[in-house]
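Asker: The structure that follows is given in the form of structure tokens.
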Amino acid sequence: MAPKKAPAAAAEKKVKKAPTTEKKNKKKRSETFAIYIFKVLKQVHPDVGISKKAMNIMNSFINDSFERIALESSKLVRFNKRRTLSSREVQTAVKLLLPGELARHAISEGTKAVTKFSSSTN
């Protein structure tokens, strides 16, 4: 007995999958300041460690501080009817947000970092 052949119409109706253009779900990397916090900790107290919970708290604190400085700086730019954010607005925002001596130290360290960066790029 000969094998049965499928009807021609049924053979043409093969379902083809459309090529998928979906990207694979990659694990999103979150940017943290953990390595920098750890470096500063070791400069100040070489024999002290930090727990994961404390590191998360410090990271949140730094993110919050940067966000507040950026928000205040952008308000100053809009208030002065300018289009460019300069170091002057950032310094003023730091003076407004941080108390006395802490603001002075932050501004001097920031100025030092900008000067170092400017000299290295030239």
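Placed from the backbone N, Cα and C atoms, the Cβ positions cover glycine too.
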Asker: Which one of Lys14, Lys42, Lys52, Lys75 shows up in Swiss-Prot with the note N6-acetyllysine?
Answerer: Lys42
Asker: Could you tell me which of these recorded positions, Lys42, Lys116, has the fewest other Cβ atoms within 10 Å of its Cβ?
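Answerer: The recorded positions Lys42, Lys116 were compared, and Lys116 has the fewest Cβ atoms within 10 Å.
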Asker: Compute the C-alpha separation of Lys116 (ubiquitin cross-link) from Lys42 (N6-acetyllysine), stating it in Å without decimals.
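Answerer: That separation, Cα to Cα, works out to 23 Å.
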